[in-house]
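Heads up, the thing below is written out as structure tokens.
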Amino acid sequence: MEEIPIKVAVRIRPLLCKEVLHNHQVCVRDIPKTQQIIIGRDRVFTFDFVFGKNSTQDEVYSTCIKPLVLSLIEGYNATVFAYGQTGSGKTYTIGGGHVASVVDGQKGIIPRAIQEIFQSISGNPNIDFKIKVSYIEVYKEDLRDLLELETSMKDLHIREDEKGNTVIVGAKECQVDSVEDVMGLLQVGNAARHTGTTQMNEHSSRSHAIFTISVCQVGKSAEATEDGEWCSHRHIVSKFHFVDLAGSERVTKTGNTGERFKESIQINSGLLALGNVISALGDPRRKSSHVPYRDAKITRLLKDSLGGSAKTVMITCVSPSSSDFDESLNSLKYANRARNIRNKPTLNFSPQADRMDEMEFEIKLLREALQSHQASISQTSQTASENVPDQNRIHSLEEQIAQLQEECLGYQDCIEQAFAFLVDLKDAVRLNQKQQHKLQQWFSRTQEVRKAVLTPLPGNQSIGNLEEGPQHVTVLQLKRELKKYQCALAADQVVFTQKELELEELRRQMQLMAQESKGHAVSLKEAQKVNRLQNEKIIEQQLLVDQLSEELAKRSSSMPTSTKESCGDGPDARAPEKRPHTAPFDSHWGHYVYIPSRQDFKKVCSSSPVYSLDQVFAGFRTRSQMLMGHLEDQDEVLHCQFSDNSDDEDSEGQEKPRVRSRSHSWVKKPGSVCSLVEMSDTQAECQRSYLGNGDLKMESLQESQELNLQKLRTSELILNKAKQKMRELTINIRMKEDLIKELIKTGDNAKSVSRQYSLKVTKLEHEAEQAKVELTETRKQLQELEGKDLSDVALKVKLQKEFRKKMDAAKLRVQVLQKKQQDSKKLASLSIQNEKRASELEQNVDHLKYQKVQLQRRLREESEKKKQLDAEVKRDQQKLKELQLNAGQGEGLHPKAEDTDAFNLNRRKGPFRSVDQLQKLDEQRKWLDEEVEKVLSQRQELEMLEEELKKREAIVSKKEALLQEKSHLENKKLRSSQALSTDSLKISARLNLLDQELSEKSLLLENSPTEEKVKISEQVQALQREREQLQRQRNSVDEKLRHGRVLSPKEEHLLFQLEEGIEALEAAIEFKNESIQNRQSSLKSSFQNLSQSESNVLEKLVCLNIAEIRAILFKYFNKVINLREAERKQQLQNKEMKMKVLERDNMVHELESALEYLRLQCDRRLTLQQKEHEQKMQLLLHHFKDQDGEGIIETLNKYEDKIQQLEKDLYFYKKTSRDLKKRLKDPVQGAVQWQRTLTEHHDAGDGVLNPEEAAVLSEELKWASRTENTKLNGREKEVDNSSSSLKTPPLTQQILEDGPDSLPVCGSLAPSSGQLQSSADKTEAHAFTQSQSPPPPQLQPVRSIAQLQGVKPVKVCRRELRQISALELTLRRSSLGAGVRSVTADSLEEPEES
């Protein structure tokens, strides 16, 4: 397959709540409808996939990972790895966190890929899949098995297999059968993974993790195709690596110390090695350079993924915050380089290996067929036991007849050869008269025998001529084969009828499903139509609501001065202007109360709004464009996690413009002058606060809606947790029920064994009593013998020894019987123990079922609660819409309220004459509040500017440090080049001196005498050696100066990294300068306004002419500023604490769910171990029961000896298999040459074989060669007599020997084809033929088939009798030939599992 570049995706996470609170700017944006990303002002990068901050997990998976899963099923290796700085969302994207406590919408890549893989497996029923899982962690450059924590790090090694793939030796691979098994292993591994808390991330990954899924797929059946070729099942093993890299860290930001600091060093070193590999592979200038895979273990593990044979996707996660600008820029640069890396994916399918597997599978089938054949023969012999002698006699007679006929044919062949030889000899050699007479008698006798054989005998039609004689055995064999094949055909017909019935049932089910699908399609269309109508209505209502909200916002922002009647000046007096009032920051995400003015209500209610559809959509598009820019400038994040709840996002997106309009234009409606004069007038206050109460009601509805949404999310988490626990409990209950069944079964076996052993105990007790009696009698006899005085001392000693032996034997027997009695009692008590354990397990199962019932009840309650919350949210949304639509109707009350205010002013104007003073007081308060707001905003801008300046100073200092280091390296490079040039000059001068000395020495050598010539020649040789060494030094120095290789490779690489770091810092400084300039320009304008306001303040305060008021006002002003600033800081801290509390609660929930999951997993593993123990106990009891408790030790010893023998056989067969695999190519090449020979014979007009039959015989050649190899290795077994007549001999020499001269011509007998063979070939063919049964005539040489003219070959008759294909017949015949040998099946002859 051709090389393809790896796919690179970039995902931008949204701003975190903490970043939003601290007003971090967004420096990374994606360009909509393109695969480009902008960082800073003008840096644009293009990638294969770009996902913005609103992207969902499903979008990332379906776009990037789903094609990789399909490639995995096809047989390719795949890899996905997440790259980026710490806290950028890598673990969240990959899905390596707490998977048990995550809702379905937020699941990462790994859970979704697992579900996709098992769905693909269920869709391929014709393929047998085996899934294995491993989970490895690279922590501090040490490998760690997360699925087997007891495995030592020293036992895990990175190696390369015979195919060049990187593997981890010693890692545990767990075979799984369902999604739940994989998720359980993933959860176990995630719980054991190293994580920690830093200042940048609460759940920071402290190691690299690699989760590998291995898929092995094998075809379930292998059948012959219609064209006669063998259809081999493919054996494919593919792997999918999910790599979660640890993020790059900076100690200044993370604040790591101690152990965390050491972890950061190791993480950064591994990522640096990975960056070097990406640079070496992705930089076209470094194509020929060495790729440093061995610098770190993570790069060694990713060798196949980067520049190897796998399909790879790299997901780069970046942070949009301006504080992470340089890290994001470096990550994007590495991702851009990675796009130049090219892999060469290869399919993990080897036809040669699969051919070997196919052959091993065929051997297995043949052995099974042989065993079934032998079983049928044994069954037939059992059913017809009375006819066995007759059948054996008939069988022996048939074998004798076949042997005699074969001998007859052999003699006949010899006679024919001798006849031809004597005919030639008669003409060539002169014989005497007596010899000629004997030869003539022999010729006449031979002719008479021929005529007698050719003449048909009366009453015997079966042997009518010479042709039928040698073929009698063939007819018998063909009849047997025909009967056997008819039985096989009948069995196949039964299978075919069953399959047809199943197919008919499936067709009927498909028809029913098609009808159901049609009905569903009709109902779906109707539902879509209704949904479309409802959506159109909702869109129209929402457009109307948005239009009204914008009108209200416009009215609130205009704030016109209204004229009112004053109390002292009559109806033409003007009311004071509305005073802007700063509202406190609300704790519920910035919702403010907005109270419109009275004139706005008049304008809104003057006429009902009527809009055309075009105007509505035009306004909607305009508002959308404005809102997009506004949202990008002032983005607000309401929760830290990525949200897949589209309804929530829509509702929040609709609320954001209104929230901001209220926060920026919040105006409190002041009371009139009369309200300041008389505060006891409740009627006027109620009328003026009518709309205020309506807005407060709207605010409370919004707060309740947010609270309900939060409750809804919590309810979803609880529901998912309960469902997960229910699934786990169901599995545990099922496993415990199976364990109870095993315990009951073990108890029953134990009871039967205990009954058996109770009888045995009584028997043993009786034997023990007898042994004791014998012992006492023997002691008495011994004492009597010692008491007697025997004259023969030798006899006495002999009798004493015999009695002592008897006593020792009796004591030993008593001890053995007592031990057996104790063992029998222990076995008898086993059933009681099993009953106790079974009762305990039943109680445990009842408890689990009770928990399941409680969970189901809780699940129903949570479902009802969720439904209620959904209804409340919808009801609140409806109420909000109604309040927004009916807001204009309340404005009709304002004229009435305004008249009431005027009446109250007119009524109160008599007693009070200081209305102007009150108005001035209101104006002063309003003015002071405005000045306070200006100063606060000014101070906030100044603080942000100071922060930006500090960040810029830090970046500049870092840049200066890098520049210093770069200048140091450049100076070193310059000094080195100067030193090299100086050395070159010195070497050149020295070379010139050496040339002069050599010339002088050569002259001296010519003129010097013979004695001095030796010394001078030695000096000349030394000078020449020095000259050559200096010449090499000068060449190396010149080469370094020419190519600029002054520094070491490490220093060159460091210089390259410094240049890149300086470039990134310059870009960050440029971005900071731009933001600082913007802030400075805004501050300049605000400073000007502030200076003008200060002059106005001074003028107004001077006009007051009261020193006390001036001092009070300044104190009040400073106090208000300090209080407001402290309040703002308090609110900021409060929100930060709330976020931390929320994060801690989420962490506690995750840990609790993980703990519960691990507890259930431990219980499950314990149950499995108990079940295995009970099965072993059953096997042990079965052995006790079968062997009656005797010979257990002997049986175990036999088993151990057998295991050792099998291990030896296994080693031998492995070696033999390797040798046969190497020698497999030779028979294939011989078969090809043999086919060419047959084709040449066919072209010559022999009529020996056609190409189709040649292909058939080539298959038989392979089987014959394999059988011969087995025989030569000394592993041949004896031939089974029951099926020896069905064997197939090898055709290697027989067919090749037959040529055009093998057929009889003009009645003469052809010479023997054995003359064409060498002596070695004859010996080998003869030995192999003797090891086989008598061959069928159709496979004999052509000379034995066509000895007379006009006789057709027997193979034509065989083809007419056969009703199956030639290939299948050949395979079955070869299977019978290869399967007759009683060779014990070993593990190597089973299909290997890789």
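Any Cβ shown, glycine's included, is placed from N, Cα and C.
Remember, predicted model here, so these are calculated numbers, not experimental data.
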If Swiss-Prot marks one of SER549, SER1308, SER1365 as phosphoserine, which residue does it mark?
SER1365
Given the candidates SER178, SER672, SER1344, specify the residue that Swiss-Prot annotates with phosphoserine.
SER672
Can you dig through Swiss-Prot and tell me which residue of SER557, SER704, SER1093 is labelled phosphoserine?
SER704
From the set SER101, SER152, SER607, SER999, Swiss-Prot tags as phosphoserine just SER999
Which stretch, out of 515-534, 815-834, 915-934, 1375-1394, is listed as region 'Disordered' by Swiss-Prot?
1375-1394
Students should find that the coiled coil stretch in Swiss-Prot, chosen from 278-312, 453-487, 628-662, 1118-1152, is 1118-1152
Pick from SER62, SER122, SER624, SER675: which does Swiss-Prot describe as phosphoserine?
SER675
Per DSSP, GLN85 (ATP binding site) is which: helix, strand or coil?
strand
Using only C-alpha positions, which one of GLN85, THR86, GLY89, LYS90, SER999 is spatially nearest SER704 (phosphoserine)? These are the recorded positions in the record.
GLY89
How many neighbouring Cβ atoms, not counting its own, are there within 10 Å of the Cβ of GLY87 (ATP binding site)?
25
Fewest Cβ neighbours within 10 Å, where candidates are the binding-site residues GLY84, GLY89
GLY89
Give me the Cα-Cα distance between GLY89 (ATP binding site) and SER999 (phosphoserine), rounded to a whole Å.
76
For SER999 (phosphoserine), the closest of the binding-site residues by C-alpha position, picking from GLN85, THR86, GLY87, LYS90, THR91, is GLN85
Can you tell which of the recorded positions (GLN85, THR86, SER88, THR91, SER704) has the fewest other C-beta atoms within 10 angstroms of its C-beta?
SER704
Looking only at the coiled coil (493-554), what is the mean pLDDT?
77
Same-chain residues at least 6 apart in sequence with Cβ under 8 Å of the Cβ of LYS90 (ATP binding site), in sequence order, are ALA82, TYR83, GLY84, SER205, ASP244, LEU245, GLY247, ILE315, CYS317
